[in-house]
Amino acid sequence: MILFSDTAKETKQPAMSTGAADPKAEKFELDNGTIRVTLTNYGAAITSLYVPDKHGNVADVVLGFDTIEAYVNDNAAYFGCIVGRVANRIKEGKFNLNGEEYTLPINNGPNSLHGGNKGFDKVVWSVVERKDGEKPSITFKYESHDGEEGYPGDVIVTATYILTSSKTMRLDMEAVPKNKITPINLAQHTYWNLAGHNSGNVLEHLVQISGSQITPVDENSIPTGELLPVKDTAFDFTSEKKVGSSIREVTGLGYDHNYVLDSGEKKEGLKHVAKVKDPSSSRVLNLWTDSPGVQFYTANYVNGVAGKDRAVYEKHSGLCLETQGFSKCH
């Protein structure tokens with residue numbers, strides 16, 4: 001479902017200061033000696049993430065750009081950013097809430113995608129806290145105003161990235177409405193290539209997803225209202241499987257589908273979403289969430305994008321695992 005927030009948390013959110021200068025887009029770094037991540041407050045995006053392989057060789061395993069200007073001008077693929085107010089697609093850019101119809105910008109075929117023309121990925125967030133030490137962290141905040149991209153009400157959004165251990169990065173996101181009920185569905189949109197961002201496609205990556213059903217979509221990528229079991233289909237990643245082993249059986253250019261997460265292994269209140277392994281480097285990504293779904297996307301529309309370090313990203317050059325709320329209805 002699209003997650004509709006109420007105003008119950010309003011009093012817990014500190015008041016916004018007034019008269020402060022608008023924040024400027026900058027880059028920041030978190031480093032715990034094993035993981036080094038660079039971020040920008042433009043879109044609250046991960047721009048690089050350096051981790052070692054089985055031999056200790058360090059590589060940047062996320063797709064992105066060298067400069068902030070490139071994120072401002074060229075990020076049609078949503079590299080590394082947080083998308084909202086509503087991640088994924090809203091049919092024909094319209095929804096009804098409390099008897100009123102709202103109309104949103106159309107920016108993806110006949111639909112509104114990832115918050116519209118200027119979603120949370122295309123704004124400068126404020127930096128409200130930074131911590132160094134054993135668990136370095138940074139917290140970004142953005143205030144979205146009533147009517148922004150057609151959505152009702154003012155909303156304060158925070159995102160905290162923290163390196164909680166030598167092998168773990170955590171992201172906590174919260175959106176608190178101030179005065180009106182409004183739809184909220186945030187997602188983090190990093191493209192992963194565990195062999196290195198400039199190493200080619202991810203078709204040899206091994207993926208396991210903790211979802212035995214998907215929400216199938218129509219020709220415009222809108223849910224049909226069904227729940228489809230993945231068993232004996234190209235969508236079955238309940239056991240570890242190469243990304244490329246069945247991708248040609250998928251209608252369209254590749255995977256861009258929401259998986260309904262099963263209630264399996266849990267840790268600290270979070271469900272295990274997926275495991276991704278690059279056989280060449282033995283790097284492994286394990287993803288955990290408290291969201292009900294995850295959009296598995298294989299960079300189907302990335303085509304000749306000039307990325308970091310003179311890399312050129314092509315189709316299937318990375319994969320996204322966008323944990324999210326989801327809609328089952330047409």
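Every residue, even glycine, has its Cβ placed from backbone N, Cα and C.
Keep in mind the model is a prediction, meaning the values are calculated, not measured.
Checking TrEMBL for region 'Disordered' across the ranges 1-23, 47-69, 300-322 points to 1-23. Proximity of R89 (beta-D-galactose binding site) to non-local residues of its own chain (separation of 6 or more, Cβ distance below 8 Å) is seen for N108, N111, S112, L113, N220, S221, I222, given in sequence order. Counting Cβ atoms from all protein chains shown, N88 (beta-D-galactose binding site) has 26 others lying within 10 Å of its own Cβ.
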